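Database features (TrEMBL):
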{"type": "DOMAIN", "residues": "81-212", "note": "domain 'PARG helical'"}
{"type": "DOMAIN", "residues": "234-467", "note": "domain 'PARG catalytic Macro'"}
{"type": "ACT_SITE", "residues": "Asp264", "note": "active site"}
{"type": "BINDING", "residues": "Asn267, Gln281, Tyr322", "note": "substrate binding site"}
{"type": "ACT_SITE", "residues": "Glu282", "note": "active site"}
{"type": "ACT_SITE", "residues": "Glu283", "note": "active site"}
Amino acid sequence: MDESILPFLPLLERTHSGALQWPSHLEFALKSLIAGPSISEVTSPEALYDFINDLREQSQLSLLSPAAMIGFVTYFDDLITRADAKNFFEEVLPSIADLAFRMPVLMNDHFKQSMSVTPKIPLINLRLLKPQYSGLVYISQELVAALLACMFLCLYPRKGRAEARLPDINFDGLFESISIQMPQQEQKVHCILHYFTRVTHCIPKGMLSFERKVLPRGQESLMHCTIRQPNQSFWSESSSSFCPLKVIKDGNIEDHNSNALEVDFANCYLGGGVLRLGCVQEEIRFLISPELIAGMLFMPAMQANESIEIRGAERYSCHTGYSSSFCFAGDYVDTKPRDALGRRRTCIVAIDALMMPGKRQYEDKLMLREVNKAFCGFLDQMEPLLLSISFCYTKEVHQKGSYTDGGCGISDDADRVLVKDEFSTLGIATGNWGCGAFGGDMELKSILQWIAASQAGRPFLTYFSFGVPEGGSLQQLTG
């Protein structure tokens, strides 16, 4: 099974050493962009569009559409101030190019460090996490920033991504949709550029993990899961007690103050329409924490018995509204402590619900699909194994100083301590999963999530009803 990520990167592999490097034409172009507009002559949105298309043409990649140019011009000339546009081309864009330029070095370091750890735990290096194979990628925030910088500059090849069931990851789609005058698209770009402004000013030095979780079917190997995909008898014969449930009428899942796993109401393609027209729960979560977008590079679409868990994503933006009313609302300073592996104590699980199931959602087959999907997301798989070697790896990380944030305002002492509850089980923070645009029954979906959380051994479930009247009925059910 070929898991290599290299066919999906804009890099070359050296013949003898295997080290990654930029093709010469991209190296030259990025250096000129880093030097600033006086050298690169990228001083306007039209020049940026031409610069990116020149790079793609030299790389024998498809060109950006004319709609992308209209979007660049609309955003930088009409939607932001001249001062902000000037600052982008003179300061932010060269810094984004510098991040992208460092990707080969960061990738080589990543693979070298991953190889030093793999004797202790299963493979954790950056690779394609294919369907039906549970696995985990453990990656630095700095490398994530470089990957995202290359997305902004539209450097990734599209070839082979559709066949591998991978979404398009270049950022031109964001600007294309600005040209069709959807107000939320402007706000989405605000979030992305705010992220780059933050990370280019002070590179975050923490870590993230991306895990593909699978409930094996039939006689497939259990691998890192302790249970196979449950059948109807499993659920009807379960003796597990319901965990405590609390309904919160207002507020957002990401603002919860408990030790909980946040549910991403996901599309089967991680991130959904975040880089296109989407702007609902999943997309908004990815916009305020753009590091989540990195998973779209190497995570193919989820199948019915799969979920994706992401730990350590930092939040950078505040927001208001939803869908067409979504609005970037300024900077957010994430003060969550880090765990023993250098990850922010934010844990998000992506589970995709059935789309428009109609009356069939009450059939046993479809209810089984949904409760198993939630159970797959809520059940710990590789995380306990990863944490079991955390002291060994953390000692090495501390010696190298690779995830201390120094001047970024995070306490080294607090970050380096394996706190008492490191191995404690997280609760669940969720809401109207699979409802709204997906057409699911809120009361049914909430009960299925509660059943799954209880069976997975979660200590509690906090349910954000977003003001839907059925939330009151759910609270009454709990007594």
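Glycine is no exception: its Cβ is also placed from the backbone N, Cα and C atoms.
Just so you know, TrEMBL annotations are computer predictions that nobody has curated.
The distance from the Cα of Glu283 (active site) to the Cα of Asp264 (active site) comes to 9 Å.
Taking Cβ-Cβ distances under 8 Å and a sequence separation of 6 or more, the neighbours of Glu282 (active site) in its chain are Asp264, Phe265, Ala266, Asn267, Gly271, Gly272, Val274, Ala350. In the domain 'PARG helical' (81-212), the DSSP tally of helix, strand and coil residues is 73 helix, 12 strand, 47 coil. Close to Gln281 (substrate binding site) in the fold, though at least 6 residues off in sequence, lie Ile253, Asp264, Phe265, Tyr322, Gly431, each with a CB less than 8 Å from its CB. In the structure shown, across all protein chains, Asp264 is the one of the active-site residues Asp264, Glu283 with the greatest number of other Cβ atoms within 10 Å. All protein chains considered, the CB of Asn267 (substrate binding site) has 22 other CB atoms within 10 Å. All chains included, 16 other C-beta atoms sit within 10 angstroms of the C-beta of Tyr322 (substrate binding site). Those residues noted as binding substrate (Asn267, Gln281, Tyr322) have their most widely separated CA atoms at a distance of 17 Å. Regional average pLDDT for the domain 'PARG helical' (81-212) in the model is 93.
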